[in-house]
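Following: one structure in structure tokens, then a few remarks.
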Amino acid sequence: KCAHLRLVCQAEQRPYYTSKLWWCGITLLGLGEVGNFTAYGFAPITLVAPLGCVSVIGSAFISVFFLKKTMSTADILGGTLTITGIYLLVTFTPSVPQELTARQVQNYLVSWPFLVYSILEIIIFCVLLYFYKRKAVKHIMVLLMMVALLASLTVIAVKAVSSMIALSVKGKMQLTYSVFYIMSVLMATSCAFQIKFLNQAMHLYEATAVVPINFVFFTTSAIISGVIFYQEFQSAALLSVFMFLFGCLLSSLGVIIIARNKEEEHLQIPFIDCGHIPGQKLTGKIQPDSHSSCYGTLNKEDDLVKRQS
């Protein structure tokens, strides 16, 4: 975001991928996702997935320093609720064995709770996909429910792959089992389609609506997946389950407050009144080219000035 804002304010417009700051941001995003992927190999799904709310708090606080935003009362309230929820999540997370072998994953795949869950999920997804494709229903709830259903498969596969890689690094080779490659394909496929529907939702609706709804749906689907597939709450006490769910509720509420407080920003792009350009005749549209990697330019008849594309 900071790189894009700086590029907009420059006199000579350049593509965003020429910015060192932009590449720095992309690299940090990649490292964050690697850390997130690794976390699934060492902690339960029901803990890692809700802790994604940390990124929302981080974005709110970092924007104060890099984007010169002001911290509002809603941001402080939302951050307080989210931090309280995180404390409850970490304190009352279910205690499950950390090592997950390929044979255990195979047994989980053929267990009857997961088979029933998979059938129900496929039926619901097909119904939603029918309305999306045939009836052209692109409501935000339909799109994000499909994202959540795919996300449940993604987190199951991510935990399996990450755990088997972690065991292999420790010396207990798990990469020779076919289930490792099956889960890798499932992870990549479900993630690709998940991104497709999430991008569609971001294109049609405001980020202030997509972010909190997607977080709540994703967290719910991930917890259900962890409970059904990996049986993470099998031996948990009733009080621990209640406090854990209460922590999820507080975190979700905090994310909703922070996200809803953010308004869509309009970039302050400097411009020239076309009626007062000496010696120049307006020959085309001033609207930036949507297929260009630059931020737009004026079409001029002067051969010395090339059109940016």
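Glycine is treated like the rest: Cβ placed from N, Cα and C.
Taken from TrEMBL, the feature transmembrane segment applies to 21-42 (among others).
When Cβ-Cβ distances below 8 Å are used as the criterion, the transmembrane segment (48-67) is approached by residues 1-2, 5, 32, 36, 39-40, 75, 78-79, 82-83, 85-86, 89, 155, 211, 215, 218-219, 222-223, 226, 247-248, 251-252, 254-255, 258-259 of the same chain, each at least six residues removed from its ends. Marked as transmembrane segment by TrEMBL: 48-67 (among others).
Distant neighbours of the transmembrane segment (74-92): 47, 50-51, 53-54, 56-57, 60-61, 240-241, 243-244, 246-258, 260-261; these residues of the same chain sit at least 6 beyond its ends, with a Cβ under 8 Å from one of its Cβ atoms. What TrEMBL records for 74-92 (among others) is transmembrane segment.
Feature annotation from TrEMBL assigns transmembrane segment to 112-131 (among others). For the transmembrane segment (112-131), same-chain residues at least 6 beyond its ends with a Cβ under 8 Å from one of its own Cβ atoms are 137, 142, 145-146, 149-150, 152-153, 224, 228-229.
Summarising the annotation, TrEMBL assigns transmembrane segment to 143-169 (among others). Using a Cβ-Cβ cut-off under 8 Å and counting only residues 6 or more beyond its ends in the same chain, the transmembrane segment (143-169) has close neighbours at 37-42, 45, 49, 99-102, 105, 121, 124-125, 128-129, 132, 175, 177, 179-180, 183-184, 186-187, 190-191, 193-194, 197-198, 200-201, 204, 210, 213-214, 217-218, 220-222, 224-226, 229-230.
Residues or ranges marked as transmembrane segment by TrEMBL: 175-195 (among others).
Annotation source TrEMBL lists transmembrane segment at 207-230 (among others). Taking Cβ pairs closer than 8 Å, the transmembrane segment (207-230) reaches residues 44-46, 48-50, 52-53, 56, 96, 100, 108, 111, 113-114, 117, 140-141, 144-145, 147-149, 151-153, 155-156, 159, 198, 201, 248, 251-252, 255-256, 259-260, 262-264 in its own chain, all 6 or more past its ends.
Residues or ranges marked as transmembrane segment in TrEMBL: 236-259 (among others).
Outside the transmembrane segment (21-42) by six or more residues, the chain places 1-4, 6, 48, 52, 55, 98, 100, 155, 158-159, 162-163, 165-166 with a CB less than 8 A from a CB of the stretch. Same-chain residues lying 6+ beyond the ends of the transmembrane segment (175-195) with a Cβ under 8 Å from its Cβ atoms: 102-103, 105-106, 109, 147, 150-151, 153-154, 156-158, 160-161, 164-165, 168.
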